[in-house]
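Down below is the structure, laid out as C-alpha cells.
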Amino acid sequence: MKPIRVALLGCGTVGREVVRLLHEQADELAARAGAPVELAGVAVRRPHKHADLGDLLTSDASGLVTREDVDVVVEVIGGIEPARTLLLEALKAGKSVVTANKALLAEDGPALAEAADASGVDLYFEASVAGAIPLLRPLRESLAGDRITRVAGIVNGTTNFILSAMAASGASYADALEEATRLGYAEADPSADVDGYDAASKAAILASLAFHTRVNSADVHCEGIRAVTAGDIAAAATMGCVIKLLAICERTPADESMPESVSARVYPAMIPATHPLASVDGAFNAVFVEAEAAGQLMFYGQGAGGAPTASAVLGDLVAVARNRVLGGRGPRESAYASLPVRPIGTLRTRYHVSLEVVDRAGVLSTITGEFARHGVSIAAARQTGEGNGNGSARIVVVTHKAPEAALAATVDVLAGLDVVHGVHSVLRVEDLGRKGVAG
Ligand code: NDP
Ligand code: HSE
C-alpha cells in the first residue's frame with residue numbers, strides 16, 4: 001500500500017510525543033489506517049535543538065507543507081501566525097490537516113474549513129479541546145442525530161489545578177499559581193490559562209460543533225480566576241459548593257429580547273459539591289453534554305500533556321489516513337443553524353454577592369432594597385457583625401436567577417453607597433441542572 005506521508009509542524013511538548021508514537025506504533029497504525037503512516041519531515045524554529053531527527057528536520061515550514069510527497073500536515077506549533085498561513089497553504093495544496101491549535105480554530109476556524117472544502121480534503125482537530133478526551137468526535141458524529149442543549153465543564157487543567165489546590169489547603173491564588181508553575185502545569189506567562197482565554201477558545205469550538213453555528217473567541221464572554229480569593233473558596237464551602245472555572249455553551253430558548261440563540265461563556269462559578277464536576281481535581285478536565293434524546297453524558301480525562309494530547313492527534317491522523325486509503329472525507333463544518341449569539345447581559349444566573357458594610361441598624365434593609373429596586377430577587381441574605389455601630393459587618397446575599405445586566409447595575413449602585421465599605425466578591429452560582437435554559 002502506498003504510504004501516507006506526514007509533515008509535522010512543531011516538535012515541542014506535543015510534537016515530540018507524536019513522533020514517538022508514530023515510530024513506536026508504526027505497524028499497528030499501518031494496520032488500522034490501511035497503509036503505512038510515515039513522517040516526511042518535521043519543521044521547527046530551532047533545528048539545532050532537535051538533532052536526533054536528522055534528515056527529517058527543516059526550518060522551512062512553508063516549503064514542507066506544499067511538498068509533492070506530503071499527504072497530511074499535522075500542526076502543533078500553536079498561536080495564530082505562522083500557523084494560519086501554513087495551514088491555508090497546505091489545504092490549498094490539497095493536503096489534509098490535523099491540528100491541536102484551539103487559538104487558531106477559535107479565531108479563524110471557518111477560513112480553514114472553507115479551504116478544506118475548496119480542496120476536498122480533511123480538517124480534524126480533536127486535540128484542540130480537552131487533550132486526550134474524545135469529545136469533538138462524539139459531538140460531530142455520535143450525537144449528529146440528536147439535539148444538543150448544553151455542553152458545560154472544566155476544560156482548562158492549569159486553572160483547575162490552582163482552584164483545587166486552593167480548596168484543598170486554603171492556599172492563596174498566588175501560592176497555588178506558584179505551585180502550578182513549579183510542577184510545570186502553568187507556563188511562564190500563565191495569562192492564557194488564568195485569564196480564561198484558553199477555555200474561551202475551547203468554548204467557541206464546542207459551541208460551534210454542538211449548535212451547528214459559527215461561534216468565535218470574540219463571541220465568548222470570558223472571565224478568569226485571578227480575582228478568586230481563599231475567602232471566596234471558604235464562602236463557597238459554607239454554601240456546600242466549590243468554585244470551578246466553567247466553560248458553558250448553551251442553546252437558549254427564544255424570549256422577549258431574542259429568538260432561540262447560543263450562549264458561550266467562561267467564568268469561575270460556585271457549583272454544588274455534590275455535582276460530579278466538583279470532584280474533578282488537579283489538572284484533569286471533565287465535560288457534561290446534554291442532548292434531548294441522549295440525556296446527560298460525562299467525558300473525563302487528561303486534558304493536557306504531551307502524550308495525552310498526542311493520542312488525540314494520532315486518532316485524527318488514522319482517521320485522515322483511512323479516508324485517503326478508502327476515498328472520501330470526514331465530516332465537514334456544519335454551520336447551517338446560524339443561531340445568533342446571546343449577549344451576556346440578557347442571561348439569567350444566580351449570584352453570591354459578598355459586601356463589607358457599616359455595622360449599624362438598617363444597613364441590611366438598605367442593601368436588600370437595592371436588589372429589589374433592580375428587580376433582583378433574593379434567595380437568602382446573611383449578616384455577620386456586632387451591630388454596635390463600630391467597625392464593619394459582612395453581608396452575603398444569594399439571589400434567584402436574575403438578568404446579568406440587572407445584577408451588574410445593582411452591584412454598581414451598592415459599591416457607591418456610603419454604608420458599603422466595599423464589594424468583596426461577586427460570584428455566579430451554577431446548579432448545572434438538567435435544562436440548558438437562560439432563566
Ligand atoms: P511547544 O511550545 O512545546 O512547541 C511548539 C513547537 O513549535 C516547537 O517545537 C517550536 O520549535 C515549534 N515552532 C514554533 N514556532 C515555529 C515556527 N515559526 N515554525 C516552525 N516551528 C515552530 O507547544 P505545545 O507542544 O505545548 O503545543 C502545541 C499545540 O498543541 C498548541 O496549539 C497548543 O495549544 C496545543 N495543545 C497543547 C497541549 C499541551 O498540553 N501542551 C494540550 C492541548 C493542545 P522549537 O522546538 O524549535 O522551538
Ligand atoms: N494550558 C492548557 C490547560 C493546555 O492547562 O488545560 C491544554 O489545552
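Cβ from N, Cα, C; glycine included.
Per TrEMBL, these features apply:
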type	residues	note
BINDING	Lys102	NADPH binding site
BINDING	Glu187	L-homoserine binding site
ACT_SITE	Lys202	active site, proton donor
DOMAIN	352-428	domain 'ACT'
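Geometry remark: Glu187 (L-homoserine binding site) versus Lys102 (NADPH binding site), CA distance 17 Å. For Glu187 (L-homoserine binding site), the Cβ neighbour count at a 10 Å cut-off comes to 12, with all displayed protein chains included. Across the domain 'ACT' (352-428), DSSP assigns 24 helix, 33 strand, 20 coil. Of all the Cβ atoms in the protein chains shown, 32 others lie within 10 Å of the Cβ of Lys202 (active site, proton donor).
Here the residue listed as 'NADPH binding site' is positioned 6 angstrom away from Lys202 (active site, proton donor), judged by their C-alpha atoms. Long-range Cβ proximity for Lys102 (NADPH binding site), meaning a same-chain Cβ under 8 A and a gap of 6 or more residues, is found for Phe125, Ser128, Val129, Asp198, Ser201, Lys202, Ile205. Here the domain 'ACT' (352-428) has a mean pLDDT of 93 out of 100.
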